[in-house]
Every structure is written in C-alpha cells, then in structure tokens.
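Take a look at the structure set out below.
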C-alpha cells in the first residue's frame, strides 16, 4: 500500500486489489476512507492469503537495485562533505569560535588540577600494566591534545586508566613492545568502529554486567598492588592466582613498605573527606573572603591528595636514601625527557643477558597478534564503556555521541602509540575532578598535557625516590570505591533476575581471564533476551459478536520468529481445543516474522482446519503478510471488526445448517 498525502487529503496511489471486503484508511488529516470490493471467497468474507492477498507493494527488480547503488554512493559522499557533518565530526569547530575569557580561566584551573592527579596516577598505573613508570606518562599527553580537536565531552581527560592498565598487563605480560602495538591496534579498531557506526555494540553490555566486571576488576587491581604494599614478590593474572602467590611469599613482608603503605591509605581516605568540609554558611554568597579561601584550600588539598602523597613520600624516600638507608622499595630510574616519536614496534627483538642466556625471545608481528588475541576487541569495547560512562555522568541529559567518542579515543590511542604509550581512555575519577574544577571545554586537556610534558622534562630525576608502597596505596585508595556494592540493593528491589548476569560476570572475571569473564556476562544477557523472545506473552479475551456468537481473541505481545513460534502454536492450539469456538489472532503487536514462523503458522492453520474450527487473523502488518505470502499460506485476515463479526457469524450459520 502506497499512501500519498496531498494538501487537502490522503489519497491512494499504485494499489493492486485482488480481493477485499472493507479496508479502513485513516489519513494524516483525520479523514477516513473506505475501500469496498465484493469478496470472492465462497464461505467467508475477508482477505484471502496466498494468491488472493489484498494489497501488494511495488518492488524493484534486482537489476534496478544494482543500478541504484551508484546514486546512493554519490549521495552518501555528498552528505559526508556537508558542513553539518564536518562540524559534527570535528567538534572543536563548534565551541572554539565562542571561546571567551571565562572559558579560558575555567579550563586553566581544571587542566592544572587534573594534571596534578594524572601524574601520580600514570606512575601508579604503569605498575598495574607491568611496565616501567615512564610509559604511564608517555600515554598521558598526546591523547589530551588530540581529544581537544575530536572530543565531544568537556569532562573527559584522556590517559591511562586502572582497567585499561590491567587489561594491557593480561594481554602483554609486561613487554613494552606488545603494549605499544596494542595501543596502535586498539586505536585503529576504535577508529574503524567509529567510522562504521558500531558504537551500538556497547548496548550489549548491560548495567549489571558492567557493574560485575568493574567490581571484579577493582578487586584484581587491588590484589595486584598488595605485593608492592607489603614489599613481597607475587605473580598471577587472575584473582585466585594472585592471592595464592601472595600467601606463598607473605612471610617476606617488608616492615618499612607495609608501614608506609597502610599509613598512606589511611591518610588518603581522610584527605578524600576534606572537600566535603565547609566553613561558614552553606551558601557561597554569604561566606566571607577568609571562609571562601579556607574552603577552596580544603577542596584543593583533597583533590590533589595523590600528588601531595607522592611529593611527601618521595621526600621521605630521598632522605632515607641519602643517609644510606633503604627501608622502602623505590620505583627506580625514570628516563628523563620526552619519548622519541617513532612508529609502533611490529616485532619483539631477542634479548640476552651477560651470560648469553635468552631472557626475551624474538616475536614476529604474527606472533604478537596471536598473543594479543581477543583483547584487540575487548579493550576497545571497555575503553568505550569507560568513556561513555563519563559522558553520561556529566551530560546533564544531553545525548551522547558514541560514534564520535570512538573516533576521538581511536585517534588518541593511535597518536599515543607513536610516543610509546599504552592503551588509554577517559577515567571516571579524573572526569569527576575535571567537572568539579569547573572545566568549560575540552581545551582543559591542553594544560594537563603540558603539565605531564613538564614533569617528563624536569622532574623525572626525582621520581626515582618515590616508594612503590606509596603508589600502591594511591591505587588501592582509588579502586576500593569502584567496587559497586551499592547497586545490589536497588537491583534486588527492581528486578532480581538482573543479579544473575551481574554476579556471574563478577565470579567469572575473578576466576578466569577478564576477556572470558565479560563474555560470560554478555552471553548470559543474550540468553535472557533470547528466552524473552522465545516465550512471548499471549493475552486472551473472550469476545461476543452482536448476534451473540462467542469467539476467542488471542493477542501475542511481540514478533513471531523461529525460537517462539512452536511455543505460540502450542498455546493457541491449547486454548483452541479447550474452548472449541472460533479463534482470532490479533496481530497488532506482531511487527515481524520469518520463514520458520510462516511454516509453523501454516501447520497451525491446518491443525484448526482438521478439526473444523475457524481461525482468523486481525490487523496483520504488510511486512508480515509478505512473509506469509512468500510461504504460500492460505489464511484470512481482517482489518475491520464489523467484517470480522460478519465472517464469524456466517461461519457459525453454515456449521449449524451442516
């Protein structure tokens, strides 16, 4: 059916009528037209299926469809070159012309504040990734510059994150060449996903699965830092492996490291509370200048707590080291200066020690790809999840463009790989600091990146004295708040079955490698969706025609596809056998069907016909009718209750006469 709206009414155009009774058409203007054609079926008025279906659409031939590819491609290319698309894919063009002094001040304050958070975090996250401390800093400045041009969210600070660092360690095993190549390939995959509009893939990771994954990762990260906190040696990828190794070596605990680590954790947790302390009246306008200064100072100290801990502990470590005492394990030498700009490595060289023993075997590009495996897909998806979480948290109800975010973090990671960075994305903790600091545009990333560059140029000699226990304390004090225990209670009250994929993901991620753990959660989610699709609900009503003939109205609540049709057929047969009255299937909510469904419906029609029981269809959508037509079904469909009642009464009259 093709409908064409004119200035005064809605008209029918290009309609082929083969058999009909009355078809009601409601125009957009509110008018109603009736199309009346004498029925040709000898028993029941209505629309016949198969060769006598009421309306057919004009369809293009295969050759016409092939010929239309050229014009379609030209239209797409033309649309891509439009100004609107350019402004959408390069967001800096939207806000830069309107940039003012207030924006500059807000971005400067936020950028420096985030920079004070990024530097100690980058040093700490490197240890999670199993890499030298410098590699965390290498991945913390170029991405900030790229995101200014392509990022769509002002609150996203690009750089290493705890989750990305752990995934990098599990994929690369501490080999920096693999980590840098992983950064390049992950960025390339993220960019391609963005260009092909695959941002919707994160929709397959539900809230419970995401919470279970994040909570498990937090525990694994916490466990990975216990060794530095206690000054012992421990290895392992999974939660169980790590704690087994920790227990085996716990008798070698270093008192100095443990004491400093636990003190730092307590101090960090207390400093975290400082921004909540308010001196004077609650309203800022009513506060005196002194009260405002105190409140701002408390906020700054609480926000920059990581940097303060690093400076203080570094000073303590330097004092002990200069006096010839080493009660703490230091992070060691950090190369001074910026990293060299070079292409990411596509092989791992062979490394031998002084005795000629091979301590690192040669790996070709193929070997490296094989080693990275499924992480090439998992890391881009998790990076997008982290990034979108920040965007949604501070979007104030505005829509989030997942496609643009994929492009932005993809290009950022590609650029990072040329300065020896490992995969990164936006971190929620730094995003919260960015937002609380009053960031106005993505330009705040410029000052964060410049601060990291200054640290690499001038402060790396002092990083040598930072105790590993202090960095471990920074990580532990941050990740304990990533364990999402608070979502369990509302999830239990809302829908208890949602706890199943969440808990399963949590347990699987602790017991198995992370990529398998999240696949378990996604797989369970898909099973729930498939079960929901395979078991539609059918609403049953007993109706009566104006002449008193009873019939059963059955209304399925969703489409008919192969997992659900046998279930639907059995239910309809069950109700039909029980009632022994005419059955009408209301297809209002059936918006799609497949060939398997058509075959089963054909069997259902034959079941009713074999026991001389009337089966009719109501409000069948044309798309579903096309599927039934292609399978040569003999069925009767109505779009008007008056004609439906007449058909039931006529059939009832004939059965009485017989």
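Heads up, the Cβ atoms here are built off N, Cα and C, so glycines get one too.
Fair warning: this is a prediction, and the values are worked out from it, not measured in the lab.
What TrEMBL records for 583-651 is domain 'STAS'. Remark: secondary structure over the domain 'STAS' (583-651) totals 36 helix, 12 strand, 21 coil, with classes taken from DSSP.
Look at TrEMBL and you will find 104-123 (among others) tagged as transmembrane segment. Through the fold, the transmembrane segment (104-123) approaches residues 133, 136-137, 139-140, 157, 159-160, 300, 303-304, 306-307, 309-310, 331, 427, 429-430, 433-434, 437-441, 443-448, 450-452, 455, 463, 466, 471, 474, 478 of its own chain, all at least 6 residues removed from its boundaries and within a Cβ separation under 8 Å.
Packing against the transmembrane segment (129-150) from elsewhere in the chain are residues 89-92, 118-119, 121-123, 156-160, 165-166, 168-169, 172-174, 176, 179, 183, 331-332, 334-335, 339, 404, 407-409, 411-413, 415-416, 418-424, 442-443, 445-446, 448-450, 452-453, 455-456, 460, 463: each is 6 or more residues past its ends and has a CB under 8 Å from a CB in it. The transmembrane segment annotation in TrEMBL covers 129-150 (among others).
Sequence-distant contacts of the transmembrane segment (179-202) (same chain, at least 6 residues past either end, Cβ-Cβ under 8 Å): 129, 131, 135, 139, 168, 171-172, 344-346, 368, 372, 375-377, 379-381, 383-385, 388, 401-407, 409-418, 420-424. Look at TrEMBL and you will find 179-202 (among others) tagged as transmembrane segment.
Here TrEMBL flags 258-277 (among others) as transmembrane segment.
Among the features that TrEMBL reports, transmembrane segment is placed at 298-321 (among others).
What TrEMBL lists as transmembrane segment is 372-390 (among others).
The annotation transmembrane segment is assigned in TrEMBL to 444-464 (among others). Remote same-chain partners of the transmembrane segment (444-464), defined as residues 6 or more beyond its termini with a Cβ less than 8 Å from a stretch Cβ, comprise 106-108, 110-112, 114-116, 118-119, 122-123, 133-134, 137-138, 140-142, 144-145, 147-148, 151, 154, 157-158, 314, 318, 330-339, 434, 437.
Sequence annotations record features per position, and here TrEMBL assigns transmembrane segment to 470-488 (among others).
For 500-531 (among others), the entry in TrEMBL reads transmembrane segment.
Of the recorded ranges 258-277, 298-321, 470-488, 500-531, the transmembrane segment (372-390) has the largest number of C-beta contacts under 8 angstroms with 500-531.
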